[in-house]
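Engineer: Pulled these from Swiss-Prot:
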type     : residues                                                                       : note
REGION   : 1-33                                                                           : region 'Disordered'
COMPBIAS : 1-14                                                                           : compositional bias 'Low complexity'
REGION   : 113-146                                                                        : region 'Disordered'
COMPBIAS : 113-127                                                                        : compositional bias 'Basic and acidic residues'
REGION   : 176-198                                                                        : region 'Disordered'
COMPBIAS : 178-188                                                                        : compositional bias 'Low complexity'
REGION   : 231-264                                                                        : region 'Disordered'
BINDING  : LEU337, GLY338, GLN339, GLY340, SER341, PHE342, GLY343, GLU344, VAL345, LYS359 : ATP binding site
ACT_SITE : ASP456                                                                         : active site, proton acceptor
Amino acid sequence: MSSALRSRARSASLGTTTQGWDPPPLRRPSRARRRQWMREAAQAAAQAAVQAAQAAAAQVAQAHVDENEVVDLMADEAGGGVTTLTTLSSVSTTTVLGHATFSACVRSDVMRDGEKEDAASDKENLRRPVVPSTSSRGSAASGDGYHGLRCRETSAMWSFEYDRDGDVTSVRRALFTGGSDPSDSVSGVRGGRKRPLRPPLVSLARTPLCRRRVGGVDAVLEENDVELRAESQDSAVASGPGRIPQPLSGSSGEESATAVEADSTSHDDVHCTCSNDQIITTSIRGLTCDPRMFLRLTHPELCELSISYLLVYVPKEDDFCHKICYAVDMSDESYRLGQGSFGEVWPLDRYRVVKVARKHSETVLTVWMSGLIRTRAAGEQQQPPSLVGTGVHRGLLTATGCCLLHNVTVHRRFHTDMFHHDQWKLACIDSYRRAFCTLADAIKFLNHQCRVCHFDITPMNVLIDVNPHNPSEIVRAALCDYSLSEPYPDYNERCVAVFQETGTARRIPNCSHRLRECYHPAFRPMPLQKLLICDPHARFPVAGLRRYCMSELSALGNVLGFCLMRLLDRRGLDEVRMGTEALLFKHAGAACRALENGKLTHCSDACLLILAAQMSYGACLLGEHGAALVSHTLRFVEAKMSSCRVRAFRRFYHECSQTMLHEYVRKNVERLLATSDGLYLYNAFRRTTSIICEEDLDGDCRQLFPE
């Protein structure tokens, strides 16, 4: 019984226990209120269109009556008072449509029964031919900016996976009826260019989005198809300024009503956007976006005109898919540069790569972070000439392009990353110092200016370029991969990405700060590792905003220790990989698998053993200076853990200490300390290893990796 009680979750601090940080509940408007708001917006647009149609009909009818009176008067004068019936045969006529026509652009369920009756009566009154009005789009009918709103996206719109069956791109489960050929709609001519026979990236539309009554037949139309959106926009332009867009077919007004088949609940929960060339309305109450912002943009960029929201506008060129998405050669898996739990990286050309994300939210977060970093770094520091136009700002890699259809982002290409870099020499210690100073500056900039925490500082996420004449020298380094990044709590409900491709706005998820989802298990800062071991449900201990930056720099210190072990161990890199690093990553995979399967207790047990390997790393590199780290960690484990977990911890620590001996690095450490750059890196590692409990996160981040 005592063992079970001792294994319960407790605070990682040796002092008085305190409750973990519990974020306040999210205050989001109810689902019904969001639907009501979108319904009101659509009704306002419909009423504006009907008023425009009625005004045009009245004007044309009056002109028609006046002309008939003139013709009758001339007939009376010519025929001695005999009235003849005349018809206007030389006047081109156009039928002005009311509610029924406009319902092809908005949801039919937003109209009440009374409004439908009014629409039918208006259509009956306007059945005779009339002359169209010449009023412009800037008239009173469309001056509110809601003329011709179209529902552009639903939660079921985007779904992606790779096509392993054939070489030809196909959109599966898309049903076309009414004479349409699925093959023509999938692999045809898009944007005036013929699509290649082997596009490597495939978009799978799992759920039909909307049905249109076309000639009495239900035709399933893919709203995410570029051709259909272009056809709808071209038809609206061809109808002339000030006119109501015509249906896609030649059917009557009653046959043009739109019925949305997607789940309205998930639609309103995620995003529901109506847009045209003047305004983008969103399901976020009080937020409207200006699509004209895209005209001056070439990369994602933050628009700080709004105080309430951080809007990042994401442009897309018309031929982006032909130049990027269809140009990636994925025929051979050996071409793949990297693969992880969040996506794959493939080469595009000599200077660029594309990242194909597994989740759509991954792409949204990446481009939002890219726009935020690019804009905030613009006025901070001038870019080096070699990095201008590459998407690298303040040591942070950003996306230079995005395609939601294929879930692709474009990035600058680097030679390798720190994990795969295998040329480490003491003669190039000055380049290593510059690289880690750049990374520390990037972390401080990301936390202080952008107010975002990266939460995934690992050697795999540090990209480097090396000197081709001296592969041991690191020329530049950049931090990448914002898959786990979260904004500070004061940015909750404020981060939005607006996409030109779909005319939609996406909200960035609020911060959750679950420690089990933050950082790679092998590089997680020791204070957070202890909190997670005690409580798998623990969240980040937010007692002050400076804790975020201190935690990030502590993780960077773990990366520095990882690199120093490769640099200083006299046995060589191969022995380090098979021995030291194998022990560090031995239980990291088990922790990740347990987390995926929801076995949080097993994840906590694996992190306890990883803590033993982290402690062994510090003791090996620091020697006698690491005695305080070892004694404090052992006291923590004995005080907080059960006897069986203590025995497992001691057993694995003994195994690690037999492999990570200080004698293997002692001579190279002396050579390292003989240089100013080596002394700087060694002291930086010592300071980061001194952050061993929750209270240490309240320190001054300027003391870590000082300038």
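The backbone N, Cα and C atoms fix where each Cβ goes, glycine too.
Describe each of these features in terms of where it is and what it packs against.
Structural biologist: There are 9 other CB atoms within 10 A of the CB of SER341 (ATP binding site), with all protein chains counted. The secondary structure of SER341 (ATP binding site), as reduced to three states from DSSP, is coil rather than helix or strand.
Cβ neighbour count for ASP456 (active site, proton acceptor): 22 (other Cβ atoms within 10 Å of its Cβ, all protein chains included).
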Engineer: Tell me which of the binding-site residues GLN339, VAL345 sits in the most Cβ-dense spot, judged by other Cβ atoms within 10 Å.
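Structural biologist: Sorting the candidates by Cβ neighbours within 10 Å, the top entry is VAL345.
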Engineer: With every protein chain in view, how many other Cβ atoms are within 10 Å of the Cβ of LEU337 (ATP binding site)?
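Structural biologist: Around the Cβ of LEU337 (ATP binding site), 15 other Cβ atoms lie within 10 Å.
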